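Visitor: One structure follows; several queries about it will come next.
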Amino acid sequence: MSFAVAIDGPSGAGKSSLAKKLALHYGLLYIDTGAMYRAIALYAMRRGVDPHDHARVIPLLEEVHLELRHAHAEQRIEMNGEDVTKEVRREEVGMGAAAVSSCPQVRTFLVEWQRSLAKQENIIMDGRDIGTVVLPDAQVKIFLTASAAVRAQRRYLELCEKGVDTTYEKVLALVEKRDYEDTHREQSPLCQAQDAVLVDTSDCDFDEAFRRLCSVIDRKRKDG
Ligand code: DC
């Protein structure tokens, strides 16, 4: 197996920005699996299918062709030839992704793809079930978290910077709803793998979180 770093954790813990920086630092390919679930949700929504309606989502898996492209640790995702990297980040697509991600057929479809990517390259992959289900043999497993209040505050500031009209309370309610859905679904719920290292970034900034993750990876690499 090639070298793999698995990063799991709740939404808004900083997984993707930290994983991108780690990818550049260690020369790994960054794979954001959330974008895959988001793309399936977007496809369903565009076809007028409710992402909760799994019986209607499943046949769509035969029509949707997803591809990843990578440049400078940035991942772009294409859906039937169209670059949807930006569109899948929309809040309602994220809610749709949470809905399709509880469908076992969707998970099997994406997990197979994720495993085949990890076989080809040295990767850093982030998601909810990477250390537990997708890559149980990953050399490094990290469970990255922060309190819901801190994650909501970070997300609220990001949205304010983008000029989105919202309140901290609304953002916190969405963060808590997403956490509930991710941890309570029957299929591969979000949980820390037994052998994952817990990194809580509630009390630290980005640079400190990056240093903590580097020290976990360096230690694991040294120990072999
Ligand atoms: O990380 P994200 O916000 O882009 O993920 C979107 C949704 O997809 C989230 O609600 C959980 C789900 N997801 C999942 O179930 N398993 C993964 N490996 C990645 C994401």
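Start at 1 and count along the chain as shown; that gives each residue its number.
Quick reminder: no glycine exception, Cβ is built from N, Cα and C everywhere.
Bear in mind that TrEMBL entries carry predicted annotations, made automatically and left uncurated.
Residues or ranges marked as ATP binding site in TrEMBL: G9, P10, S11, G12, A13, G14, K15, S16, S17. If you look up TrEMBL, you'll see 5-215 marked as domain 'Cytidylate kinase'.
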Visitor: With respect to ligand 1, which members of the binding-site residues G9, S11, A13, K15, S17 satisfy a Cβ distance under 6 angstroms to one of its atoms?
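Guide: Only S11 qualify.
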Visitor: Sort S17 (ATP binding site) into helix, strand or coil using the DSSP assignment.
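Guide: In the DSSP reduction, S17 (ATP binding site) maps to helix.
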Visitor: Long-range neighbours only, meaning 6 or more apart in sequence with Cβ under 8 Å: which ones does A13 (ATP binding site) have?
Guide: L144, T145, A146, R151, T201
Visitor: Just to verify: the residue among S11, S17 with the fewest other Cβ atoms within 10 Å, which of the binding-site residues is it?
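Guide: Counting other Cβ atoms within 10 Å of each of the binding-site residues S11, S17, the minimum falls on S17.
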Visitor: Please list, in sequence order, the residues in the chain of G9 (ATP binding site) that are at least six apart in sequence and whose C-beta is under 8 Å away from its C-beta.
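Guide: Once residues fewer than 6 apart are set aside, G9 (ATP binding site) is near K15, D126, R128, I142, F143, L144, T145, L190.
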Visitor: Other than G9, P10, S11, G12, A13, G14, K15, S16, S17, which residues of the chain come within 8 Å of the ATP site, judged by Cβ distance to the Cβ centroid of those residues?
Guide: L18, D126, L144, A146, R151
